[in-house]
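So that you can see what the record holds, here are the features copied from TrEMBL:
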- 75-88, 278-290: NAD(+) binding site (BINDING)
- Arg95, Arg105, Arg133, Asp221: substrate binding site (BINDING)
- Asp221, Asp245, Asp249: Mg(2+) binding site (BINDING)
- 3-349: domain 'Isopropylmalate dehydrogenase-like' (DOMAIN)
- Tyr140: site 'Important for catalysis' (SITE)
- Lys189: site 'Important for catalysis' (SITE)
Amino acid sequence: MPKIALLPGDGIGPEIMKEAVKVLEAVSERFQRTCTYEVLPIGGEAIDRYGDPLPEETLLGVKCVDAVLLGAVGGPKWDKEPAHRRPESGLLRLRKGLGVYANLRPIVACDSLLNVSTLKPEILRGVDILIVRELTGGIYFGAKERHAVEDGEQATDMLVYETKEIERVVRTAFHLASQRRGRLASVDKANVLESSRLWRETVNRIAPEYPDVKVEHVLVDNCAMQLIRNPRQFDVIVTENMFGDILSDEAAMLTGSIGMLPSASLGAEVDLYEPIHGSAPDIAGKGIANPVGIILSVAMMLRHSFGWEDEAQAIEHAVNHVFQEGYRTKDLASDSSYFLHTEEFGNKVVEEIVNFEMDFLFRRYATI
Ligand SMILES: NC(=O)c1ccc[n+]([C@@H]2O[C@H](COP(=O)([O-])OP(=O)(O)OC[C@H]3O[C@@H](n4cnc5c(N)ncnc54)[C@H](O)[C@@H]3O)[C@@H](O)[C@H]2O)c1
Ligand SMILES: CC(C)[C@H](C(=O)O)[C@@H](O)C(=O)O
Ligand SMILES: [Mg+2]
């Protein structure tokens, strides 16, 4: 019986987490599975209660479960906290503490949502990209310094990568590309950065191990442009931490909203699942957040951590079906007067999972 740590966090985090758990319960019931949960504090909420964005209880707790599901952290309330006490530093310590170095961010354009984006449907139809973002190294984790200089201050953030950190995430990406359409774009800034030159050399050294994968190197600025110009050219993209952060927010808009993208952070004993968006303080408490990113993160969790492929597909199928029926959350609605609230959308997904059960039973009895 898998045990899941639930870390709702801040802003819309608890609102979308509620829907994720609802869907998890529905799919568990449908497939006669049982999961147990432990709710743990993280982010601003944990600062308020324990004075630490990643309390000891949470760090120890997440190491004793089978998977971790996170909502989002951060918000203006904690903006003035010193760097090590900001909600975001709790999230970074969590990722580093778990050792989840490969962050998978799938970007799939749903046929029934092609008219949501400002891009033309012809550009978006069939988009199916997987960004593999390095998650525990690079500029996020290098030394940070700040000191006075003659006429002001100087601040430094070191971007450091070691060969072995690049190798492991690049191998993950090659492996995933070999299971998909066999194309890997390695994104870097090798025309300027030494760390990118090490990245590129490492990719080239590993490439012969995966003869079925066609690899190309793309400079990050060009990649940002190509994602809008012709996103279908990409299959798997592998890149370092900060480039992956930025490119995935951009790529999210190919699906219609940042609220749509799930993620799986893999590579250690306990994996972490979270939507790619943040705590959305501007809409928190209004009941209008799109819960699809976290719901699809649950599907990734069932697939990658528990090997429950049918259950994962049932969730993905249910979400697609709700969109096909024309239901939208506010961020996806062209007519802003008609949309489902977070909770209503979660209910629709649950209904689909239950209906899926009925179809399934009907088909079974029909063949007897
Ligand atoms: N993984 C995380 O926990 C995470 C990720 C990104 C940002 N953050 C934090 O979140 C806070 C806010 O950051 P931000 O505003 O730059 O980014 P954000 O992703 O929270 O929001 C950006 C915009 O997208 C909208 N949005 C985001 N998620 C949505 C959803 N599910 N449904 C509908 N609309 C959604 C917001 O309303 C906002 O207009 C900051 O403190 C930031 O550090 C946390
Ligand atoms: C909140 C922040 C630290 C985080 C990141 O940059 O990794 C977020 O933007 C994300 O994409 O998960
Ligand atoms: Mg981000």
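Positions of Cβ are set from backbone N, Cα and C atoms, glycine also.
Excluding the listed site residues Asp221, Asp245, Asp249, the same chain places Val220, Ala224, Met242, Phe243, Gly244, Ile246, Leu247, Ser248, Glu250 with Cβ atoms within 8 Å of the centre of the Mg(2+) site Cβ atoms. For Asp249 (Mg(2+) binding site), the nearest neighbour among the binding-site residues Gly75, Asp79, Arg105, Ala280, Ile288, judged by Cα separation, is Arg105.
Closest by Cα distance to Ala83 (NAD(+) binding site), from the recorded positions Arg133, Tyr140, Asp245, is Tyr140. Ligand 3 lies under 6 Å from the Cβ of Asp245, out of the recorded positions Arg95, Lys189, Asp245.
Taking the domain 'Isopropylmalate dehydrogenase-like' (3-349) as a whole, pLDDT averages 97 in the prediction. In this structure, the binding-site residues Gly75, Pro87 were compared by how many other Cβ atoms lie within 10 Å of their Cβ, and the smallest count belongs to Gly75. Geometry remark: Arg95 (substrate binding site) versus Tyr140 (site 'Important for catalysis'), CA distance 11 Å. Local packing around the Cβ, expressed as the count of other Cβ atoms within 10 angstroms, is greatest for Ala280 among the binding-site residues Ala83, Ala280, Ala284, Ile288. Using a 10 angstroms CA-CA radius around Asp245 (Mg(2+) binding site), the binding-site residues that qualify from Gly75, Arg133, Asp221, Ala284 are Arg133. Screening the binding-site residues Ala83, Asp221, Asp245, Ala284, Ile288 for a C-beta under 6 A from any atom of ligand 2 leaves Asp245. You'll find the Cα of Ala280 (NAD(+) binding site) roughly 22 Å from the Cα of Arg133 (substrate binding site). Close to ligand 1, meaning a Cβ under 6 Å from one of its atoms, are these of the recorded positions Asp79, Arg95, Lys189, Asp221, Ala280: Ala280. Using CA atoms as reference points, the recorded positions Pro87, Tyr140, Lys189, Ala284 were checked against Arg105 (substrate binding site), and the closest is Tyr140.
In the structure shown, across all protein chains, Arg133 is the one of the binding-site residues Arg95, Arg105, Arg133 with the greatest number of other Cβ atoms within 10 Å. Taking each of the binding-site residues Asp79, Asp221, Asp245, Asp249 in turn and counting other Cβ atoms within 10 Å of its Cβ gives the largest count for Asp245.
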